């Protein structure tokens, strides 16, 4: 009495009403045994109404009952089994999609809405969804075209009969296939809902590699959008090595001499602190060919240079690309990109190293070292051949002459007046003029109270210091506080009496107005 319907959206478990609708339930069970519903489309999905399937032709015009499969055209349809107690009240009910009265074949529908009373007394309800309402909701929410067909094909992939209490018709065993039919796919250009391109034909390693490349490209696009990369397709040059764990005393000239045996060096930089000019113990070396770069990588990794074992790896930096883009604008042409990728630079003097020139204007301290960073580091720096033609050499900084400021004579101040008191007094006067009269009055009262409290505390202190009796002083303070409290209570009582008088006067005025209005109304 239970069947599992495996769809491209998920599994549906169906319970059949064998006792109420024996013919419809038997027809559905035997069709599932024959794998008749395999690869059938949900060709009519109406939101919050029904989802229709069960037609092998996927047109809504085909399909036949199990007796039609066994006995031919005479058994293609069977009669209705409409029961008054079975109504379309809830979601997940299975009904026969008949073309008319007593014309039930193989097509069925599943209700995706509630209270579908327009279908009552017209179609046979023979089961309901026991599990998988979330799958039914996913089918109902699928986008469809104007005819109600999903834009991506949703199919019944397989059916499994869990319990079948009805006997098989005669000759059914001959039509049961040995294996399930192979999955079918649309040829009209529609995609299958569970289709993943090339996933079944490729190796897992190829799939993982493709996913990593796709993810890396997506990250590069994001970095380009936020301005961290010049272009999403920008890649580190394959002929550039990254060197770290260098000794601070190692210079670019030393690295060039050591690595020059592997090939022609096109770039050699040691990164330095921009403020102090000290080496940060890592750098970059570029070669004219990738073969020379690979040979240097295999030979120079973990080699001892200046009492330090260096680490060599292929560079992942795109700073040379940034140099070209900053020099020629945010967007450069293809020649600039090739120049940045290959670090193309001809030798200044054939037959000699010619790859570095000592720039005296960059050596204010006259020390060794150089590279990218040092304001005070000096040393050797990389020079492209076309640099002098495009960019003028920087001018040495000239000390700015300091002109003496004219001394303004200060007005004489009285001896008893402290320095700056006139300015403070003028500022306080301007603030006083900006305040309102009420504000000035309140501030003046607060100042007088503070001055009075300070004077009273000073008097008490003087009495104590002058040899007065401490008990007498405390008694006077206590009496003074008591008098202050009594005055405060008197003021509060007076204010309360005043408020009560005002309320009484208002009440009397109100009564007089009411009496006058009554007298006018009487007259």
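Every residue, even glycine, has its Cβ placed from backbone N, Cα and C.
If you look up TrEMBL, you'll see 194-206 marked as compositional bias 'Acidic residues'.
According to TrEMBL, the feature compositional bias 'Gly residues' maps to 366-380.
What TrEMBL records for 393-415 is compositional bias 'Pro residues'.
According to TrEMBL, the feature compositional bias 'Basic residues' maps to 422-438 (among others).
As annotated by TrEMBL, compositional bias 'Basic residues' applies to 447-457 (among others).
TrEMBL lists 458-480 (among others) with the feature compositional bias 'Basic and acidic residues'.
Taking DSSP states H, G and I as helix and E and B as strand, the compositional bias 'Basic and acidic residues' (489-523) has 34 helix, 0 strand, 1 coil. According to TrEMBL, the feature compositional bias 'Basic and acidic residues' maps to 489-523 (among others).
The domain 'PPIase cyclophilin-type' feature in TrEMBL is assigned to 10-161.
The domain 'RRM' annotation in TrEMBL covers 239-317.
What TrEMBL lists as region 'Disordered' is 162-209 (among others).
The region 'Disordered' annotation in TrEMBL covers 361-523 (among others).
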Helix-strand-coil residue split for the region 'Disordered' (162-209), DSSP-based: 9 helix, 3 strand, 36 coil
Mean per-residue pLDDT computed across the domain 'RRM' (239-317): 91
